[in-house]
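Take a look at the structure below.
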There are 2 protein chains.
Amino acid sequence: MATVKIGLLGFGTVGRGVYKVLQTHREKIYNTLGVEVEIGRVLVRNLEKYQKTYPELIDLFTENPEEIIDNPEIKIIVEVMGGINPALDYVLQAMKNGKSVITANKDMVAERGRELFATHEEQGVDFLFEASVAGGIPIIRTLKESLAGNSFKEVIGIINGTTNYMLTKMSLFGTPYEEVLKEAQEKGYAEADPTSDVEGLDAARKLAILASIAFNSRVTFGDVYAEGITRITPIDIQYARELGGVIKLLGIAKEDEEGIEVRVHPTIIPESHPLAAVNDVFNAIFVEGDAVGPLMFYGRGAGELPTASAVVGDIIEAVKNISHHDTGRIGCTCYLEKPVKPIGEISSKYFIRLVVEDKPGVLASVAQVFGNQSVSIASVIQKRSLEDLAELVVLTHRVKERYIRDAVSVLKGMSTVREISNVIRAEGDF
Amino acid sequence: MATVKIGLLGFGTVGRGVYKVLQTHREKIYNTLGVEVEIGRVLVRNLEKYQKTYPELIDLFTENPEEIIDNPEIKIIVEVMGGINPALDYVLQAMKNGKSVITANKDMVAERGRELFATHEEQGVDFLFEASVAGGIPIIRTLKESLAGNSFKEVIGIINGTTNYMLTKMSLFGTPYEEVLKEAQEKGYAEADPTSDVEGLDAARKLAILASIAFNSRVTFGDVYAEGITRITPIDIQYARELGGVIKLLGIAKEDEEGIEVRVHPTIIPESHPLAAVNDVFNAIFVEGDAVGPLMFYGRGAGELPTASAVVGDIIEAVKNISHHDTGRIGCTCYLEKPVKPIGEISSKYFIRLVVEDKPGVLASVAQVFGNQSVSIASVIQKRSLEDLAELVVLTHRVKERYIRDAVSVLKGMSTVREISNVIRAEGDF
């Protein structure tokens, strides 16, 4: 076999990146594999548009997915169209036709992993998805293969570049959320509808995928508690700094004897934590293995070429497996069934910012509420803000989330408490 | 095939770690592979010693290597004895006997890679060596596989934990070299004869392996310029800090149209560089791929369990390949022959600390020497030190090393220059 043909489903940013990387490294890839890798067909929505901009590919574009999925010449499908439908149907059908599938589609993997892996195993084809998490950072195969001699209790990551860029700007310049969002949109880092990034949904999908692999148990998007950065203000960031911390949107996955916890939310971490120095659009994933100890992987989590780097790494694997008659060798690793804890059952430290009446006994009564819920307070910052009101920041010790929720709900009902301005989780030692 | 037996050559720190990790993760490994992995035989130098401390392995220990290398029941050899002889003979013979080989032996791979890879390719067996570089950090297979769609121009790493620990202590507490070395020896971080670590030889071996993979061209230990940390003083560290930098022992591999440069030496890097925050015994490797952009991998570069994590990752790969009849799938990637530049031809910035007579015209004459060698000066710090002498620190712009060497040799001959106290290379923007 001298040539393996791949079919591209989609020719957006990532698809074009894959085309470019395959072109640039044609020789290196041939030297690695002893086989040529060629794009055989490209599914696009608007044939005319692409035929003009990519005349060298004019014969490869098609608007008909069957010309790729049912094409016996094409051995590997690269799905970079995004969204669950119709991508899922195409990919399942392609596997049933004996083709290996590579995808960058985190929505599909995080929501429909079970069917995808079942079909992949039934058919004995490859199903690879390195690009679905943290763009160019090699993490999926690393966890599944190089680190297979470890068990993991914790995966913590900055896995959304848009919000990390925004929080970095807010931290450096004190820029408010709305303004920094506009700037991110102008730079192309945030989309016109930024919901998926700023509400933590994008990160939640990636975290579901990471947790499934780390804990050998299927975690889906719906299992992940997601809270975004829309309520973070420069004031919160300033107080966090006073406590020696920075605010990052983290994906946190942990496992203990009670089950798995998976949550995405703004988190205050100590300035000395390796993740605290990860700025701008960069991503990083921190894992702790029982043998290897702490590991951190840092790089670009998105973008045309970084994402294409991950896809092409998978293409090379899939081509090698086809030419060695060894497809399907990297299987699903979710052979256990572990429960996912509801958010009330997780434990964290909490930063609570509130506005109270500035008169004798108020601090005592606030402290009493926490005490009644068995919440132990680590530190308090009190500042006079407006006339007869004071701003109070409370940092708690580690405690179950439901106790905090109960305490906050009691506080909300108190006449001396004017506002619960924010509640932010914190990890690490302050 | 229900069980794959492996033979351990050596039962020192790493060997015992491999045994522990295989024990701890017996079930996980079985779930991953569908095959049991069992230690079949263990080569030790002193049978009696181990039979007492590991009675459960009493029947497995042997002092006779042939009982492992020539044993048809053993399919995989794990070489963790270290040193080139007799390890090389054992490993070559094992491959000729059709066994896959896993090694943690950087000396052997960095010096005798050519023969090892030739035999591995002839025999079609696996030859894996993840543990030979940076302990638990997954970098070898990541560069070869996940990042195969990139070309690399640069690999920079902190790849010796002992010296990183020592430099960290010297930076934090101003402790002198001799004292910090003693402390490192007491903690077991440095050996009684610390030469290999402190002279940069250990790092040079790892860099040779990394550069070979990154640039697809064989680089051996002998190609690497190595300079250790023995001449670094707290004074140098203090001046570096005044320039906004920290001193790290870096392995630096770069490639341009003239060839490859590979060098290990103390290097001043800006405080803001991701590697600057890598402290204590931690290692980190920074690579820049043309598609993926900058990537950094951070973790423990040595120790029983981190190194065992890498070995066990390779064992799982080798077992999978045996059970899939697909051994030898990860081949040698050195298919090019690129020249290695002599150290005089590399370019760097330079920090030169010297003691001169403190009288009019001396600074001008020193500056003139640099000017004559086309060395452009970026900044100068001058401080009065003793009576009529002044200490001068010069930071140059990027220039070829041989011009610096020429300048320093002229300076040494000047009557107004009392001492060239140190010359340290610098990378990055200050």
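Cβ coordinates come from backbone N, Cα and C, glycine included.
Those TrEMBL annotations? Automatic predictions, nothing curated.
Per TrEMBL, the features are:
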BINDING   B:K106  NADPH binding site
BINDING   B:E191  L-homoserine binding site
ACT_SITE  B:K206  active site, proton donor
DOMAIN    B:351-425  domain 'ACT'
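Feature annotations (TrEMBL) mapped to structure.
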| residue | record | Cβ within 10 Å |
| --- | --- | --- |
| B:K106 | NADPH binding site | 24 |
| B:E191 | L-homoserine binding site | 13 |
| B:K206 | active site, proton donor | 27 |
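Annotation note: B:E191 (L-homoserine binding site) sits in a coil segment as assigned by DSSP. Between the CA atoms of B:E191 (L-homoserine binding site) and the residue listed as 'active site, proton donor' there is a gap of 18 Å. For B:K206 (active site, proton donor) paired with B:K106 (NADPH binding site), the C-alpha to C-alpha distance reads 6 Å. Over the domain 'ACT' (B:351-425) the predicted model carries a mean pLDDT of 94.
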